[in-house]
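Listed in TrEMBL for this protein:
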type     : residues  : note
SIGNAL   : A:1-21    : signal peptide
TRANSMEM : A:238-265 : transmembrane segment
TRANSMEM : A:272-291 : transmembrane segment
TRANSMEM : A:297-317 : transmembrane segment
TRANSMEM : A:329-347 : transmembrane segment
TRANSMEM : A:381-400 : transmembrane segment
TRANSMEM : A:421-445 : transmembrane segment
TRANSMEM : A:465-489 : transmembrane segment
TRANSMEM : A:496-514 : transmembrane segment
Amino acid sequence: MLRILLLAFLLCFGLSAETRADGFDDGLHLLGGKFDDVERGVVILAGSGDQRAGAVLAALQDNRLMVVAGDPPSFFIRQADDSLLDAATLQPAGDAAAGAKAVRVNNRIRRAAEAALGTLNLSSPNAAIRRQAADAVFKARDGEALPALEAALAKERDPDVKAVMETARAAIFLANGQGDEAQRLQAVETIGRRGDPDALAMLRNLANDTSASIREAAAASVSSIEMRQSMLARVQDAIYGISLGSVLLLAAIGLAITFGVMGVINMAHGEMVMLGAYTTYVVQTLFVTYLPDAANWSLIAAVPAAFVVGGLAGVILERTVIRFLYGRPLETLLATFGISLILQQAVRSIFGPTNREVTSPSWMSGSFDILDGLTLTSGRLVIIIFCLAVFLGLLAFIRYSRFGLEMRAVTQNRRMAASMGIRTGLVDALTFGLGSGIAGIAGVALSQIDNVSPNLGQGYIIDSFLVVVFGGVGNLWGTLTGAMAIGIANKLLEPFTGAVLGKIILLVLVILFIQKRPRGLFALKGRAIEA
Amino acid sequence: MTSAPRTLSRRAFAGIAAKGAAAAALLPTLSLGAGQALAADATIKVGILHSLSGTMAISETTLKDVMLMLIEQQNAKGGLLGKKLEAVVVDPASNWPLFAEKAKDLLEAQKVAAVFGCWTSVSRKSVLPVFEQDDGILFYPVQYEGEESSRNVFYTGAAPNQQAVPAVDYLMNEEGVERWVLAGTDYVYPRTTNKILEAYLKLKGVGADDIMINYTPFGQSDWQTIVSEIKKFGSAGKKTAVVSTINGDANVPFYKELANQGVKATDIPVVAFSVGEEELAGLDTKPLVGHLAAWNYFMSVDTPENAAFIKAWHKFIKNDKRVTNDPMEAHYIGFNMWVKAVEKAGTIDHDAVIDAMIGVSVPNLTGGYATMMPNHHITKPVLIGEIQGNGQINTVWETPGLVVGDEWSDYLEGSKDLIADWRKPMNCGNFNVKSGKCGGV
């Protein structure tokens with residue numbers, strides 16, 4: 001009996017001593033096992049209080065933790081420069097790391113690692129990391145993190161970080177039923193102030209709380225957040241509409257010149273956009289090969305390149321095909337349709353049928369808060385600004401430059417322009433080149449939000465014609481209004497009807513409108529139109 | 001002036017072309033010697049019916065190449081029944097009626113022994129009457145919505161119970177998902193799959209207001225509204241997941257929008273049935289890490305068969321960056337099954353091969369065996385994988401055994417009583433077990 005007791009005592013003592021001394025190693029070794037083991041390992045590491053745990057967990061989360069199988073397995077952390085550190089010593093790993101494979105993780109483990117890191121990093125000297133950690137704790141709502149959070153709150157000086165930590169503490173109170181009633185009431189208020197979908201989700205879960213006052217406070221908070229959210233949703237829809245409208249405008253603005261001003265039904269317009277997108281791809285590839293440091297800015301360089309490529313293609317198209325077909329719209333339509341197919345297949349033969357990857361530069365990734373709870377992704381914002389810049393630039397060019405003047409003269413009265421010494425043939429070619437070049441520029445923007453594939457243009461040609469016809473042929477302001485009207489109407493309809501039906505309804509509306517006003521929103525008046 | 005030389009050159013060209021064609025026609029006869037007048041009999045023709053132009057070219061061109069590789073490999077092994085295999089490639093150009101015309105051409109004019117082809121369900125439906133009328137053999141390599149079984153078609157892709165249903169089970173059990181967004185492109189495959197999934201989820205006790213169904217047109221590129229709706233739907237306090245039947249191309253802007261709006265896989269995971277390594281190749285996958293894909297094969301699967309297949313593929317296509325994907329494995333399985341069935345039957349006669357196919361078993365690339373079942377579907381493992389930062393998909397879960405393809409879904413009214421069995425004496429694609437009659441009802 002005594003022996004058994006002694007043994008048990010020894011075992012317990014031995015075990016607990018081991019856990020204290022080797023919590024880190026135990027946890028680390030578990031990371032080499034199955035997903036369940038890895039998850040346990042993460043928890044043990046987080047509780048070990050060891051300095052090294054943070055580095056290991058961060059590496060695990062980013063898929064940078066490598067393992068060499070063995071008994072026990074050895075672990076390495078891959079650095080940004082691809083060199084390996086031994087996870088147990090944090091010293092550079094030598095040959096021991098040969099054949100190391102990344103430790104496999106899944107969402108469950110990523111979540112566990114994120115939560116564990118949150119708790120560990122609450123006492124980091126860097127305010128940004130503390131803030132991130134508090135966010136992670138807020139998301140995980142793990143009751144076990146409460147002591148660490150309280151300790152961090154007591155020390156915290158930065159008011160921003162402190163506010164995030166308080167929200168995190170409130171979330172833990174509410175999610176785990178911790179704290180007394182006063183604290184929980186306070187928590188409902190803190191969470192309510194956050195006002196975002198996460199807060200809404202948390203407050204809704206309080207509908208069955210045991211305390212009546214908390215239930216009421218939560219319900220009141222939920223309804224006020226819901227009202228705010230539904231109001232914001234309409235504003236959000238309108239902003240999305242402007243964003244869609246700017247994409248439509250970009251695609252259509254070149255067509256507003258070739259079709260609107262010159263009257264050429266150019267079915268190959270979409271392919272000019274596609275050429276622009278492929279130019280972006282080529283420019284990006286060149287940057288990555290020759291100027292890797294500036295790769296983030298290759299998009300800027302792609303704009304003039306795409307203009308030149310699109311413009312040249314347009315001039316060649318006009319000189320070799322279209323000029324023989326002026327005044328014969330049906331033949332123009334068929335010829336340019338054929339050219340669009342040729343261009344598609346040519347690109348498919350050169351670049352292959354698979355999509356090309358154009359990466360988004362860092363300044364176009366992520367999102368941007370316009371208001372609390374109202375976000376627009378950075379890429380879309382850049383496109384809106386870019387689109388307006390192109391539009392205004394084109395408007396100024398046509399109005400103030402000599403070429404713009406000649407262009408207007410030729411379209412208004414070709415014969416008189418010719419007798420004034422304007423070379424109308426050259427102006428035709430350059431005008432078509434201008435429209436096509438702008439289509440090329442649109443391709444640069446579209447490469448950021450759509451697939452760079454040989455079919456890219458096809459998706460935009462119908463919409464482009466729709467915008468130009470709806471806005472009024474021959475009027476750039478009409479194109480702007482038309483694009484925005486269609487974009488916003490589309491986005492306001494979409495939440496109610498779904499994307500498919502919304503598009504159909506919109507098409508029907510535009511057709512009805514054109515029946516009523518065949519010349520679109522802004523019809524040109526005067527003699528010019530009769531010519 | 002200008003027209004004369006043009007005519008001349010055209011004529012000259014025609015003359016050269018005619019001579020060239022005559023020479024080309026003479027060549028095989030010459031090389032085979034005078035004894036063999038019928039050059040065509042020396043080879044067995046295999047039809048490849050995949051779009052090489054148009055919207056579907058992106059996916060189907062790869063399948064054409066993989067078939068050429070498999071045929072080349074078989075020829076290097078000495079061909080089939082002592083004859084060389086000859087690939088007959090046609091281009092139906094992503095045009096559904098043209099699929100039927102090209103199929104007719106392959107079966108009636110070219111007299112091919114078997115056809116490997118089609119991608120979309122609508123193209124399969126378009127060629128189906130041709131294959132049934134001319135008694136041809138079609139191997140269809142893509143995951144599809146089920147609700148079909150033809151004597152002349154062998155379905156080597158996944159049926160819904162080999163992809164969609166296990167994926168939902170995984171999310172329910174491993175991720176604890178209680179709220180579901182079923183998002184798809186608006187055509188027959190997503191609509192039927194979502195109908196099956198909706199019925200399945202309701203059977204599992206998911207309430208109607210915990211299911212959101214959303215359809216988008218082909219090639220949708222503006223996902224702002226839909227992603228923000230998903231975000232809103234996911235904020236009801238229950239774990240939410242998106243089950244995506246969004247078709248190929250449109251996925252890229254969809255995932256970009258998800259990443260930009262900050263929807264992370266740890267919050268709202270997306271499981272996709274049409275996103276494979278090929279689709280991810282056009283995409284920066286770092287923001288997508290952790291989103292899921294359900295297939296029966298991943299390029300990352302670590303087996304000797306797969307390593308050999310990838311090596312052969314890179315050598316054949318002369319580019320070691322090209323990826324492999326699930327429909328390629330389906331063609332690998334289908335082709336090997338057909339070779340085995342022809343060897344078993346000892347002839348390429350269609351009826352004999354169709355009968356010999358059932359029960360044929362060949363290794364797949366994931367370390368198991370694929371067997372052709374009497375309903376013309378095959379056994380497959382179901383793999384759930386998570387997208388990695390390098391564009392690969394790593395398996396995180398797989399079914400313990402092989403799953404038999406179920407052509408008529410058990411969860412749909414009207415099809416749950418149907419079975420297909422192409423063995424004698426039943427020989428029926430839609431036998432109703434309740435009424436005991438063939439013909440669906």
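Each residue's number is its place along the chain shown, starting with 1.
Each residue, glycine too, has its Cβ placed from N, Cα and C.
Under the criterion of 3 or more C-beta pairs below 8 Å, with sequence separation of 6 or more, the transmembrane segment (A:297-317) and the transmembrane segment (A:421-445) qualify as touching.
Using a cut-off of 8 Å between Cβ atoms, the transmembrane segment (A:381-400) and the transmembrane segment (A:238-265) share at least three residue pairs, counting only pairs 6 or more apart in sequence. Here the transmembrane segment (A:465-489) has long-range neighbours at 238, 241-249, 251-253, 255-256, 259-261, 263, 391, 394-395, 398, 411, 506-507, 509-510, 513-514, 519-524, 528-529, meaning same-chain residues at least 6 beyond its ends whose C-beta is under 8 angstroms from one of its own. When each of A:272-291, A:329-347, A:496-514 is checked for Cβ pairs under 8 Å to the transmembrane segment (A:238-265), A:329-347 comes out on top.
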